[in-house]
Amino acid sequence: MFLVGSSSHTLHRLRILPLLLLLQTLERGLGRASPAGAPLEDVVIERYHIPRACPREVQMGDFVRYHYNGTFEDGKKFDSSYDRSTLVAIVVGVGRLITGMDRGLMGMCVNERRRLIVPPHLGYGSIGVAGLIPPDATLYFDVVLLDVWNKADTVQSTILLRPPYCPRMVQNSDFVRYHYNGTLLDGTAFDNSYSRGGTYDTYIGSGWLIKGMDQGLLGMCPGEKRKIIIPPFLAYGEKGYGTVIPPQASLVFYVLLLDVHNPKDTVQLETLELPQGCVRRAVAGDFMRYHYNGSLMDGTLFDSSYSRNHTYNTYVGQGYIIPGMDQGLQGACIGERRRITVPPHLAYGENGTGDKIPGSAVLIFDVHVIDFHNPSDPVEIKTLSRPPENCNETSKIGDFIRYHYNCSLLDGTRLFSSHDYEAPQEITLGANKVIEGLDRGLQGMCVGERRQLIVPPHLAHGENGARGVPGSAVLLFEVELVSREDGLPTGYLFVWYQDPSTSLFEDMDLNKDGEVPPEEFSSFIKAQVNEGKGRLMPGQDPDKTISDMFQNQDRNQDGKITAEELKLKSDEDQERVHEEL
């Protein structure tokens, strides 16, 4: 189309005309009707395609971009922007277009299509354009509007979806990761991050983005979706960008914010559940067992200890895990649930790791602390109840004891109980028959006393665990001492309360035949016990103990004991010392 008095192919006019679009009820559209056969007084407008949504209509002073075909009444084409593959980009209502086009574009929506009939006095008048448009020509235009903006425009941000929980909003100097679809105002797609299989990662307010995007992302929450409309002077302006973004184009971005952090961020802690009576908190050097769910800021799960049905076990504050977790686990209580938000510079940095944690990703861990201990921990003993009467004798190494117990993990998981059996547990203290921590915890008890024992794994089943007991697990025992008997010295199966008879063999040889078979030996020992003169090793089968005693005295294993063979253990020990000397 043409400037008045110019040969350039654009529609122009030198003076500003008021908006004169008037409704008409003609079948062809809008405009001022003329009597039949009379010349048109105004532009006739036919809106033959109106988009469902029209958030904005063209007003005087707006900048528009549109395509058109121009023909005469007989259908002969005199001009077309399509033929030049170039949109018309111009300001409406300031005299740069012929008056008829200025009026015909007013009130138009993006993607609307109109047919305009422009009478000569609103087109090129009685002069026309030499060689192209004859004098007094009525002009027919088919127009589609692709873009509209104004110099007074700002970035328009519309929240499409905002999560109910917003831990933080984007601010200048933050680093963000987001997905986007980018289109022109008419819906033509020019770019999207999804096709590249990765987010767009950048700093905000540092000049790395077009100005409108810098502004449009401010205030967003992780997981939020926004529609951001950017006028060209806050985008790529008069030059456009490559072949995909034309000059003076408004841009529309549909953005999903996945992540936001600031290089100055520290680890953020949120206590979700704190058990009552927290008497100890984890410190650097402790060994901890915990469950966790690890997710990205948008909620995408990247790892979980629950899926492996096994806690994560590690030292805290020793560099075995990412720095953010090392920091975030310190100060936790056993049984506590806490949320640990770790910025990327305290996690896996800009490179990420594997195929589930992208570069520059903020990580969120929902942690349940099962237990922790320190390699220097002793058995922790707490008396729950003690008999009211005086307790003159307490359990010690070598004692034979009977006791009841319940054993669980610190999270309450039940492991074992003596109450599942018909009788209490029986052991000789110090005989290495139970875990070391339990053995220690049972020492110094009164009969009838109840205790709580917390046993660290290095005094229990260690890092490998045992059947039903996880590796590196701290164990909780509730024990009750039922009975206690003095034990025998190491290596002894039987002891006398007083010095034995000087005629011991003769006393054993019941039939006086000079030898003692198993039956006589057993009868003699049992009689000593029944008469209160001596006692067998407690906690053992008496017959088995007596049989072992007989085997020890039957030196030549001929099934009988002679006077030469019979020796007290104290005499044997003395002979051994003499031989060694």
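Placed from the backbone N, Cα and C atoms, the Cβ positions cover glycine too.
In Swiss-Prot, the annotation motif 'Prevents secretion from ER' applies to 578-581, one of the ranges 334-337, 382-385, 394-397, 578-581. Comparing the Cα of Asn181 (N-linked glycosylation site) with the Cα of every entry in Asn69, Asn293, Asn351, Asn392, Asn406, these being the glycosylation sites, the smallest distance points to Asn351. Under the three-state DSSP scheme, Asn406 (N-linked glycosylation site) falls in the strand class.
The shortest Cα-Cα distance from Asn69 (N-linked glycosylation site) to any of the glycosylation sites (Asn293, Asn309, Asn351) is found for Asn351.
A gap of 49 Å separates the Cα atoms of Asn351 (N-linked glycosylation site) and Asn406 (N-linked glycosylation site). Of the candidate glycosylation sites, Asn293, Asn392, Asn406, the one lying closest to Asn309 (N-linked glycosylation site) when CA atoms are compared is Asn293. For the pair Asn406 (N-linked glycosylation site) and Asn392 (N-linked glycosylation site), the Cα-Cα distance reads 26 Å.
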